[in-house]
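**Q** Structure below; questions to follow.
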Amino acid sequence: MRTPVPGSPRRPDPEARERAPAIVLWVTVALIVGVATLMLLALAGLRPSSPMVMPGYTRWHGDYSHVLSFLAWTLGDTTEPGYAHSALAGALMLLGGYAAHRAFTANEHWMGFPVTSGTGLFGRAVGSAALGLVLSNLAWGWTIAVTGMWQPTFVPFASVPAAVVLVYGGRRSVVLTGAVMGAVLSTPIALVAVNFGCRPLGLPPVVGATTGMALSALIAFALCRHLPWMPAARVVVPRCTAGSAHHFVDTARQGPRWLARRMLADFTDAQFIGNEWASAGLLAGTIISYLLNPAMEGDVGNLLPRLLIAQVLTAGLAVTLWHRQWATYGWYPTFVPVVSIAPATVLAFGGTAQAIIAGAVLGALIGPPFAAAVARRLPKDFHPFIGNVVSMAIATAIIVTTLSVTPGFG
């Protein structure tokens, strides 16, 4: 498959970016969150009466002889960054991302935000991530059988493999190197962090999973400097540095429409896709799975509507709070609390109203600027996603721990 060549990197021009008044953005957020909340609460009430009409699907227990279950589990792992495990959602997310990629290469007006940071490397990045995910489940799936518990075998799909491709390009050697590093480094470090750190300490598993992503990425990019078959780092990705040129081009007016699109796209930024079509597929598949086969939504269970409310709320708050940073840098990690702090807080405290609000508000305030601050301090041949996962791990641990000793939460 031929890799599309993106245009030359551009420097964002915040002075030329049109913005709606802040009050318009805040009113828009209130309307979106209000409507979404009502719909999700209605969804929670609808589920008990829904028939289970989807094909039988149960959790994969680490038995490699059950090939179809293994494949469904692996496909469902692509949605784990959003906390709901669903093969259907994973398939729809990837289809939406591919459609957006084809639209991007054809410069169609409906393409949405550029996938994979506008690099044109969607196929190579997702391919490396998918191969790393398969290798991860083949190499480490036995830990699910041994422990009888969820394990973070999904981490290669949202970490090292795609990041390596987005920094070093789409050569076959780069794709394979990223995939192997994801399975050999990211998964085992995350397994240790989750099982010997988070579970004994009572911390959310996302803390261990993102710790594994961060540490393995630091090791992987340091190793890439010395691997003789790796080319020079050349792909330009956003780094939250003023005046820094990159391929992600977003010049749309920052009004209500942009705000709604950005909130939606943030649901798939953890998978390095970051596009409305991919996110729409992810959410549609998740909701269908929730209604028609409870076994498909993972450990979230009946809390899924409340978890989604928290995610929508924190997405709206983060994008509105930091929309000027989007104009200044051309990209900003507003998705960080959507896939970490907000949902982790909901699950930690049983989906109470105070947990939803606290997780969403604190996540939006702390997560994005923390991630950006770390990303700016990384070497140029280290993908800035490291800042995102560092922020997820540390901010989630601090916020959940602090709330656990706060009256009304513990």
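The chain as shown is numbered from 1 upward.
For all residues, glycine too, the Cβ spot is worked out from N, Cα and C.
Heads up, here are the entries from TrEMBL:
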- 21-46: transmembrane segment (TRANSMEM)
- 83-100: transmembrane segment (TRANSMEM)
- 121-143: transmembrane segment (TRANSMEM)
- 149-168: transmembrane segment (TRANSMEM)
- 175-196: transmembrane segment (TRANSMEM)
- 202-224: transmembrane segment (TRANSMEM)
- 272-292: transmembrane segment (TRANSMEM)
- 304-322: transmembrane segment (TRANSMEM)
- 329-349: transmembrane segment (TRANSMEM)
- 355-373: transmembrane segment (TRANSMEM)
- 385-405: transmembrane segment (TRANSMEM)
**Q** Might you confirm whether the transmembrane segment (149-168) is in contact with the transmembrane segment (202-224), defined here as three or more C-beta pairs under 8 A between residues 6 or more apart in sequence?
**A** yes
**Q** Rank 21-46, 272-292, 329-349, 355-373 by Cβ pairs under 8 Å to the transmembrane segment (121-143) and hand me the top one.
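**A** Answer is 272-292, with the largest number of Cβ pairs below 8 Å.
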**Q** Take a look at 149-168, 272-292, 304-322, 329-349, 355-373 and tell me which one has the most Cβ pairs under 8 Å to the transmembrane segment (21-46).
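**A** Comparing 149-168, 272-292, 304-322, 329-349, 355-373: 304-322 has the most Cβ pairs near the transmembrane segment (21-46).
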**Q** Which of 175-196, 272-292, 355-373 has the most Cβ pairs closer than 8 Å to the transmembrane segment (304-322)?
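**A** Out of the listed stretches, 355-373 contacts the transmembrane segment (304-322) most.
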